[in-house]
Each structure stands twice: as C-alpha cells, then as structure tokens.
Amino acid sequence: MPLPYFRLVLKKEFLKNAHLTDIRVIDRKVNECEQHLCSLKYYFYNEEHLRNYLFREDVDEKPKDFMTKFCSIMHIARRNIGHCGSWIYKCGIRWHFGKGLALRGLATYIKSSVDPQEIERFGELSSEWLDEKSSFKALYSYNKLRVPWIVDALSSEEFGEASFYEVKYPLRGKRILDVACGGGILAVPLARLGASVSAIDASQEVICCAEYAARRYSRNSQDIGSLEVEYATVEDYASKYPGSFDAVVASEVIEHVKDLEGFVRSCAVLAHPGSPLFFTTLNKTVLSRVLGVFIAEEILKITSSGVHDWSKFVTPCTLRALLEDNNCEVRLAHGVRYNPFKNEWFWSSSFAINYAVMAVKL
C-alpha cells in the first residue's frame, strides 16, 4: 500500500474519533480501524505477490528466482525517487502468479510532467483548499470569469445547441476533464451547471480535499451534473481515456508542470476531435515576475510564498506552438487582469501578466 495513502487513512480515522473519551469505545473503534485497514489492503493487493512482498508477508510464498532480488532493488529505489504517489500504480509493476513479472507503463511514469516539488508544496497547503478566504481566494473569485467563458464556448452554436440563458443546465451532457483540479474549486461549479466532470490531481493530499468537496456537492446538490475525483496524472488518463472528453480544462496549471510539451500533448489526446481545450496561466515577462510573483507573494500575500517559479512561466507564443504541434488550433487568446484589493478578475487587452487560451482539437 502506498505509504502516503496509508498515512491519510490513519489520520482520517484518528480525527474522526478524536472526541472519544470512553476507553471501551476507543478499544472498539481501534478494532474497527484495524479491520478497515485489513480489508482495504486486501482490496488492493489480494493475490498480488509482489505487493504482498512489499508488506513483508507470506514469506514462504515469495518468488524464489532472480526476480526477488530485482523487486528488492526496485523497492529500495522507490525511496530515492521522491514523492511519486502510488509507485506501484504509476510504474505498473505486477507479479501475476504463473505469468511472471509484467512491466506496464514504466516509461510513462519516467516521462511524467509532474514535478515532485510542486506536488509537495501544494500538498502542504491542503488545509487551505476548501477555504474561500485562504491563499486560494483568487482562484475562487476567478470562477466568475472562467466559468462563464467555458460555458459560453461549450454552449455556442459550434459546440452544441444549448444556450446559457435558455436552460438551467447549459453544460448538460458535456463530459469535462479538469486537469490538476486542486480542491475542486473549478470542478464543482462546472458540475452544478450540468456537466459530468472528471477531476484529477497528482497530489494525494490535495485529492482528499477534492473528494470532500465532491461528497459535499453530491450530498447537498439536486443538480443533474456529476463530479468524479481521481488521483492520477494527465499522462495516466491520456493512456486510459484518449478522445473521451468534450472539453479539457487546465486552469492555472501549466506554470507548475515539469514537462510542458508532454503535458499539452496529453491534454490534446484526451479531447476528441472538435472539442475545446481551455488554458489559463501567467506570461513570462518582467512584469509578471515583479507583480505576479514578488508583489503577489511577498508584499500583498495574495498567494503563499514560493508557489510560483517564474522560470516555468509560459509565453502565449510558446503555448500556441505546442498546441499547433498537437493538431490543435487556437481560437481565442485574451489577456486577464486581477484587482487584488477587490479580489476581482477582468478581461484585458494586455497579456503582460495573466492570459487565457482556448484551442480546438482538429
């Protein structure tokens, strides 16, 4: 079992029962937790000999050939890879009884666009994702601009017959992928408008927040939309669900990825022909370095310090070229302006700091 997931389960059980004082009730809860973890382990790992080996169980049933040493080396190497989430899942290494060792998707993991440092940084901010007044307040207010933008694009004559002003659920029947969804800040309002939203993120800590937001949405909503949250990278999804989505959204993401080319390629693969792809990000200019990073993080404290790395910022020309290389045509590129004192976003003719791009897969 991936160690981060194991820790999250323990933390969840502890917090759920932290108010208890009766020792008899505590003993019963501890026993229930042990049973839960046991069933959870076997749900993921039953009859998987390599995975049982990682638990140091069933010693007599371990493979006795040279693969045992190979598995040991891989297990040790895992510690040096850094935060990589579910290592078994990413690398796709399984021991099938009677079939030998199957290596599946190892190259995909190596070429992942995920930056472990970025994942760790946003994981540390997981307690703030669901707070609209936290360091993510700018993203919450950004919804007033980007949600109508997405709705208008998907409900236009080119992408469907529905109109934002004619129906209650303008995104009904649309399957949308929210890449690097964070705490579900954008995914939830899209689902409320009728879309079937799949939200993915490469941080387990962040996904826990998104799952909570999804449960809260399902419990309190009578809307026809749906929201499914999954711990996965965009490369994982591209290999599983190519051409499956009516729209792919990557808002405030590409300035955090390690492999921009691979990230854009995977986003293009996920959209079916004729579907739009939405990107919002920061331009790589002197002004964005001063205002978007230094002033925003160190002076005005709009976002947490160290969240942005200016060297990863992307110019509109670079993003356009990458989209065109992946058979996508840019249909809209517009500047965006943020007022930190009113916490409001506006469309702008200037691309100096923030901008938005919509492309269509051909």
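Glycine residues also receive a Cβ, built from the backbone N, Cα and C atoms like all the rest.
Nobody curates TrEMBL annotations by hand; they come from automatic prediction.
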Listed in TrEMBL for the S-adenosyl-L-methionine site shared with Arg146, Asp201, one of Ser112, Ser239, Ser244, Ser251: Ser251
Span of Arg146, Asp201, Ser251 around S-adenosyl-L-methionine - largest C-alpha separation, Å: 19
State the Cα to Cα distance, in Å, between Glu252 (Mg(2+) binding site) and Asp201 (S-adenosyl-L-methionine binding site), rounded to an integer. 13
With every protein chain in view, what's the tally of Cβ atoms within 10 Å of the Cβ of Glu252 (Mg(2+) binding site), excluding that atom itself? 21
Cα of Asp201 (S-adenosyl-L-methionine binding site) to Cα of His256 (Mg(2+) binding site): how many Å, rounded? 12
Around the Mg(2+) site formed by Glu252, Glu255, His256, which additional residues qualify by having Cβ within 8 Å of the site's Cβ center? Ala180, Val253, Ile254, Val257, Thr281, Leu282, His308, Lys312
